[in-house]
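Written below as structure tokens is the structure these notes are about.
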């Protein structure tokens with residue numbers, strides 16, 4: 001399973017080196033170039049925001065490029081099932097359908113041996129379908145906040161038949177749901193109203209963060225992506241640290257960094273759809289992450305307002321303007337609306353007083 005991920009990561013590394021070289025050569029951008037830095041903790045959705053910029057402001061993904069994502073879709077689907085099985089075992093939940101024990105063995109062997117599927121063979125397709133239909137797996141999925149599981153798991157499980165079609169080509173929505181950790185720096189470049197925007201996405205995992213700061217001291221604005229729905233989840237890296245608390249600490253480091261004192265900050269509170277589901281349907285209290293929260297337990301707006309205040313409080317300079325937007329990064333229309341508002345604000349120089357121009 002690691003082969004397709006390795007190819008994707010190798011390409012990221014190649015592009016990252018190229019970008020770093022360009023940054024070293026041209027430290028200061030031309031006045032017609034606006035450099036934006038896209039930051040956020042791992043799995044916040046920042047790479048999805050970057051993909052949306054390609055879709056909205058560039059030509060999106062070519063058919064050839066989309067075809068190369070088939071491996072990633074298949075890998076993400078099998079990896080998600082492996083994580084779901086692992087979570088089920090941690091919770092001591094058993095399969096209802098006994099055949100799923102054999103399917104579990106296939107999943108584990110596939111993950112350990114890095115077997116690649118494109119598309120799934122009959123055995124893997126049957127295994128994934130039977131497992132997703134099993135009541136034990138569904139019970140574990142209902143408790144997914146207790147273990148690590150990618151947000152895209154259900155999306156891909158519900159699309160198994162389509163993904164397994166011989167002529168399957170990943171759609172833009174499929175690509176938006178794929179997940180390969182960002183290693184190094186990835187860039188999207190586009191033009192808007194006579195300006196060239198260069199947007200840089202940098203690795204969000206702990207091991208990646210120290211690599212980017214010095215390269216972007218001339219960024220015009222920071223877009224920090226924070227996942228609202230991670231308040232009841234732990235980090236993939238250590239499986240103990242609360243994800244939202246980690247994101248807050250990273251935001252604190254960024255917003256107070258000496259390189260970004262005069263840089264405007266735009267905060268995307270992302271995954272609002274998943275957040276609403278947890279607050280309203282699953283009734284997962286915000287007090288899981290914040291003992292101090294005393295607002296209504298099933299009031300999404302009250303909870304978001306509280307989280308908003310927590311992020312703003314991270315800035316040592318209380319006069320620093322932080323522009324906040326609620327987003328669902330997989331919703332192209334919603335992201336387009338937010339991005340247009342953000343970019344128009346930048347172009348109209350409304351952020352001039354905060355050092356944008």
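Glycine residues also receive a Cβ, built from the backbone N, Cα and C atoms like all the rest.
Owing to the predicted nature of the structure, the values given are computational and were not obtained by experimental measurement.
Within the listed segments 157-166, 187-196, 197-206, 207-216, Swiss-Prot records region 'G3 motif' for the stretch 197-206. Per Swiss-Prot, the stretch carrying the note region 'G5 motif' among 327-332, 333-338, 339-344 is 327-332. Within the set 138-146, 147-155, 174-182, the record from Swiss-Prot flags 174-182 under the feature region 'G2 motif'. When Swiss-Prot is compared with the stretches 250-257, 258-265, 266-273, 274-281, the one noted as region 'G4 motif' is 266-273.
If you draw a 10 Å sphere around the CB of residue 151 (GTP binding site), it holds 22 other CB atoms from the protein chains shown.
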